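Okay, structure first, notes after.
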Amino acid sequence: MTTDTTYGTGSANADEASSLPATSPLKGSEKTTGRVPKKRVNKSLLSLLNDACKYSAYSEYSMPSGFLRRKGSDSSRPGAKDDELQNTTQGSDNNPSSISVSVQKQRQVNKKRQSESSVNGLDENTQKVVTRKKPSRIKKKADPQSRHTSKLVAESPRKSESSVGSQPDATSSTNNLMNHKNLRKDLVSSQRANSFIEDQTNHFTRRRDLFDSDALQSKETFDCELIHSRSLSDPQRTNPNVVKLQSILYPDFEEEYTVDFNVDLSKYNPMSEIGRIIEYTVQIYVPKKIANQLRKKVVQPLNKAFDDRNQEGFIRAVETFNEIVRKVPRTDVIERLRCTEEVPTSFFHSLLHTVYVRTIHPKARSLKEYQAFSNYVYGELLPNFLTTAYAQCGLKSGDIFMDLGSGVGNCVLQAALEFGCSLSFGCELMPNASDLTTTQELELQRRCKLWGLKLCPTKFSLRTSFVDNPIVDELLPKCDVLLVNNFIFDAKLNLQIQKLIQVLKPGCKVISLKNLRPFGYTINFDDVGNIMNRLTVKRYDLPENSVSWTHRGGEYYISTVGEDIDESIFTTHSKGRVRMGRRVKYTR
Ligand SMILES: C[S@@+](CC[C@H](N)C(=O)[O-])C[C@H]1O[C@@H](n2cnc3c(N)ncnc32)[C@H](O)[C@@H]1O
C-alpha cells in the first residue's frame, strides 16, 4: 500500500519550477555559459521546494513583515515590495485591494474616458463596457497633492475576473419589489459622473430580509455607542473643522467628522467616507424624487469640493444633505427598504471597512505578536475574493458557515452580512486576534442597526484551538461551507484538519488555500471511508489583490464532499505512474 502524507500544493508543474527563486548555485561550466542543462525533475519534489520557498526570507512568497490589509502602499509601483504591508503610506495607492484608493485619479480617468468616448463617438453602452472592463489600477507615480486628497478609505470593490453574480434567494418575496433595473441604471449614471464609489455597477447582493423594517418601525431612537470617526482622525479633538453627518434612519443620531484636506489622509480619509455614506444613502435609502434632488444639490457639489480640496464647499454640501434628509419622512424610507432586496455588494464591503478601520487598524500592531513561521502568522482574505469564493460555494441564507482560524473575524462577519447564513461561526486561538474579533463584531452589529440592516447570527469560539473543541465538533457535521485559510499551516496542523473534517456532510464545500488532499494522495484500502477519498477538489486561480499578504495572485481550492469515492484519485495518480513508467499499486 502506498500512502503519501506530504502536504504539497498539489499543482507542481514546470511553470512553477521556473517561478522558483534561483537559490541553487551554478556549477563549473554552467557558471561560465550561464546555461543550465535540462534535467527531468521530480514533480512532487518541485512541489515541496515550491512550498519551502514560500517560507524563504528571499522568496517572493516570504512572509510579510506585517500580515494585515494594506494601509496604503502602492503595490503597483515598480519595485514595490510585496511584503511591505505595514509600511508608511504612499501618496498614490492604486492597489485595488488596499484600503486607500486614489479617488481623484480614478475620477480623472473616468473623465478622460468620457471625453474619449464623446470624441470617438462611442455610445453610452460602449462607454459602460469600457468602464466595466478596465480595472481601476492606475500606474502613476505618487502625486504629492493627491497624498492628502485622493484617498478613498475603503475596500476597493473591484470586480475580480471570477466575480460571480448576485445570489438569488428562491424564497424571496416578489411583491412590491423595487425596480432593480432602475437602481442599476441610476448607479451606472452616477458612476459615470464623479463618484466616491468605485465602479461596482455590475455586482449586486440579493438577499431576503436585508433590512429589519419591523425593528426600524418599532424604534425611532439610536441608543448604541459607536466608535466615532473623530476618534481616528482627531483623537485630541483640537481640529475646529468639523461637520456632523445626519443618519437617514435615526433623527437623533449624527456622526462627527473632521473635514480637513491639509492633514495626512493616507491612513484614514474622513471625507471619502462621508462621500460614500452620502452616495449609498442616495442610492439605497431615500425615495426616488428626493434622490434626484440630492444628486444635484449634494453629490455633485460634494465631489467637486473634494476634487478642489475646498473645505468650506465640502462642509456646505454635507449641511445641505443634512437639511434635506431631515425632512424626509422616516416612514417613506422604511417603505423603500421594505421593497429592496438587492444592494450593491460594494455597500457591504464599504460598511465592513468602516468597521475594520475603527476597530482593527488602531490595534493592528498587536496582530503581529506571533512566532515567525508558526501556525499563528496572521493574514487576511480580502472581501472581493471572499464574495467570489462564497458565491462559488453557493453560500446562501439558511446555511452554516465556519472559519477555522478566524483571525479578527472578517470572513465570518462578511458571510453573515452578505450571505445571511443561519449561523456564521469562527474559531480563533490567539488572544489578541480574539479580543479584536469581539470589538469588531460589536461595532458591526451596531452599525448594521444604524443602517437598518439585518446581520445574521454570528458566533465565535475564542482563545481556543479548533482541535479538540466541542463546539467545533458539534457544528462540523452540520456545516455547509467551511473556510480554512491554511496557507501557513504546517503539515501537522493540516493533518489535524484532515481528521476534523471527516465528519463533514455530503455537499459541504471547503475553501482552502492549500489543497486539503495531499499531492500524490493514494487511496488506502484499509481506510476507504476516509473523507479524503470523497473530496472532489477544484483548483482555482487566486486573482491579484485577493489576500492581505501579497498583491500577487496564486491559487485556492474548493473541495466538495461527495457521497462516493472521487474517481479522479485513481486516474490522476495512475496517469502519473504510467508516465513515470511505474506500475500502479493499489495493494493491501
Ligand atoms: C492566516 S490567519 C486567517 C484569518 C482569517 N481566517 C482570514 O483568512 O482572513 C490564520 C489564523 O488561524 C489561527 N490559528 C492557527 N492555529 C489555530 C488553531 N489550532 N485553532 C484556532 N485558530 C488557529 C491563527 O492564530 C490565525 O489567526
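The backbone N, Cα and C atoms fix where each Cβ goes, and this holds for glycine too.
What TrEMBL says about a protein is an automatic prediction, not a curated fact.
Pulled from TrEMBL:
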type: COMPBIAS; residues: 1-12; note: compositional bias 'Polar residues'
type: REGION; residues: 1-43; note: region 'Disordered'
type: REGION; residues: 63-181; note: region 'Disordered'
type: COMPBIAS; residues: 71-84; note: compositional bias 'Basic and acidic residues'
type: COMPBIAS; residues: 86-99; note: compositional bias 'Polar residues'
type: COMPBIAS; residues: 116-129; note: compositional bias 'Polar residues'
type: COMPBIAS; residues: 130-140; note: compositional bias 'Basic residues'
type: COMPBIAS; residues: 162-179; note: compositional bias 'Polar residues'
type: DOMAIN; residues: 261-574; note: domain 'DOT1'
type: BINDING; residues: 378-381, 401-410, Glu428, 465-466; note: S-adenosyl-L-methionine binding site
Let me know how many other Cβ atoms fall within 10 Å of the Cβ of Ser465 (S-adenosyl-L-methionine binding site).
16
For Leu381 (S-adenosyl-L-methionine binding site), just count the other CB atoms lying within 10 A of its CB, please.
23
Same-chain residues at least 6 apart in sequence whose Cβ lies under 8 Å from Ser406 (S-adenosyl-L-methionine binding site):
Val412, Gly426, Cys427, Glu428, Ala433, Thr437, Phe460
Local confidence of the domain 'DOT1' (261-574) - pLDDT mean:
94
All-chain count of other Cβ atoms within 10 Å of Gly409 (S-adenosyl-L-methionine binding site):
27
